[in-house]
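Everything on this sheet refers to the single structure shown next.
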Amino acid sequence: MDHFLYRNGHLHAEDVAMSDIAAAVGTPFYCYSAATLSRHFLLFKEALEPLPSLVCFAVKSNSNVAVLKLLGDLGAGMDVVSIGEYLRARAAGVPGERIVFSGVGKTPAEMRMALEGGIRQFNVESEPELEALSAVASAMGVAAPITLRVNPDVDAKTHEKISTGRKEDKFGVPISRAREIYARAAALPGIRVIGVDMHIGSQLTDLAPFEAAYTKMRALVEELRADGHTIERLDLGGGLGIPYTRGNEAPPLPVEYGAMVKRVLGDLGCEIEIEPGRLISGNAGMLVSQVIYRKKAEEREFLIIDAAMNDLVRPAMYGSHHDIVPLVEPPAGEPQVAVDVVGPICESGDTFAKQRAMPLVQAGELVGFRSAGAYGAVMSSEYNSRPLVPEVLVSGDHFAVIRPRPTYDEMIARDTIPAWL
Ligand code: LLP
């Protein structure tokens, strides 16, 4: 459930009409609902109760510092994959003890900064990384707390580009070699083994692959304990999917996911960490855009809008579906028209939807992309010299710009012309 509903004929984010925000900040813009973010975080937190747990928001899905502060103030931990994300979490006031560091390519410089600043744990993904971390930590006279990300070789049955837990994927250490690598970790001076980590993919719409992976994790924990390791923390990764199409899909709810986790892993006496991103931020955000032209070609009709693939790349990159709705509620029973919804960028891939049945929307009118709060603004670029679009946070009847739109001068001023040119 989210807080983007039509009221008095206008699409609102909580109690604010999004057309009012458009009038204030211009289009396109991202709009997030604080109540939806909080609600989704709390659903996960409650789903794991009464187990000791920490819900670590996957910062990669939405890294705006205001969003991180809102979640951090509710007690969220953060899952980061770069020191840039780490510094964002810290800037949002989240203490290092609540930040886990994931990612296949952590550099020694990043490891040092995280150890200096305070870190809950590193989720180590390879033997070379283990050696590097031990060297960095030993040089600082500390032992880095780690889990090993174990690749369970489970097919998450999601999009090819976001599946991460099969043996052909680049992530983690193979489960078949896990005991051997744990033994190596335990022997390293700068390493303190505390647990096991897995993350099998994103936008999973079925609990079965999770359950298969966690069942393998359970067996591994028992083996590792028998080998003499202290395993007190299990990081289960993120990945629970969201409905992108209203009415049609019903992925499992956090409460169902939590019940499965408790059933499979609940009696191990471990603290549970999860790293959801999309389920917390995805349906808590919309991208609002204005129609520039309605253009009739020979075969098709195009809705050319002022947002483009640089603002929301998911349709171009993964063929993802986002519901696109007018900000003014169409009269009930109004006929729908099939259109291609496209941006102004000079390539055909800049297409948000093909032959989408939509209510009639005219030039100058506003449309909103649902489910754009995760992997939206964070994946945007300035391609075609289009400045990054602003982000707005709504709470109740008020809103604030949480990242302003840069001016063209600001965008251009970042380039420098060498003296010899
Ligand atoms: N933990 C780790 C280690 C991850 O790699 C990811 C996502 C998450 C947690 C969060 O997964 P979530 O709960 O959000 O599914 N750009 C793609 C999604 C890439 C996901 C990458 N890893 C998209 O737009 O669909």
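Numbering starts at 1 and runs along the chain as displayed.
Glycine is treated like the rest: Cβ placed from N, Cα and C.
A sphere of 10 angstroms centred on the C-beta of CYS346 (active site, proton donor) encloses 9 other C-beta atoms. Look at TrEMBL and you will find CYS346 tagged as active site, proton donor.
DSSP assigns TYR375 (pyridoxal 5'-phosphate binding site) to coil in the three-state reduction, outside any helix or strand. TYR375 (pyridoxal 5'-phosphate binding site) counts 27 other C-beta atoms within 10 Å of its own C-beta, drawing on all protein chains shown. Annotated pyridoxal 5'-phosphate binding site per TrEMBL: GLY239, GLU275, PRO276, GLY277, ARG278, TYR375, in sequence order.
According to TrEMBL, the substrate binding site annotation covers ARG278, ARG314, TYR318, GLU347, TYR375. In this structure, TYR318 (substrate binding site) is part of a helix by DSSP. Other C-beta atoms found within 10 angstroms of the C-beta of TYR318 (substrate binding site) number 14, with every protein chain shown included.
Annotated domain 'Orn/DAP/Arg decarboxylase 2 C-terminal' per TrEMBL: 29-373, in sequence order.
The domain 'Orn/DAP/Arg decarboxylase 2 N-terminal' feature in TrEMBL is assigned to 36-281.
The N6-(pyridoxal phosphate)lysine annotation in TrEMBL covers LYS60. LYS60 (N6-(pyridoxal phosphate)lysine) falls within a helical segment according to DSSP.
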Largest pairwise Cα distance, Å, within the listed pyridoxal 5'-phosphate binders GLY239, GLU275, PRO276, GLY277, ARG278, TYR375?
15
Taking the centroid of the Cβ atoms of GLY239, GLU275, PRO276, GLY277, ARG278, TYR375 (pyridoxal 5'-phosphate site), which other same-chain residues have Cβ within 8 Å of it?
ALA58, LYS60, SER61, SER202, GLY238, LEU240, LEU279, ILE280, SER281, GLY282, ALA374
Sequence-distant neighbours of GLY277 (pyridoxal 5'-phosphate binding site) in its chain (C-beta under 8 A, six or more apart)
PHE57, ALA58, VAL59, LYS60, SER61, ASN62, ASP79, SER202, GLY238, ALA374, TYR375
Roughly how many Å separate the Cα of TYR318 (substrate binding site) from that of GLU275 (pyridoxal 5'-phosphate binding site), to the nearest whole number?
22
For GLU347 (substrate binding site), what is the tally of other C-beta atoms lying within 10 angstroms of its C-beta?
12
Around the Cβ of LYS60 (N6-(pyridoxal phosphate)lysine), other Cβ atoms within 10 Å, all chains included, total 22
Among GLY239, GLU275, PRO276, ARG278, which are recorded as binding-site residues, the nearest neighbour of GLU347 (substrate binding site) by Cα:
ARG278
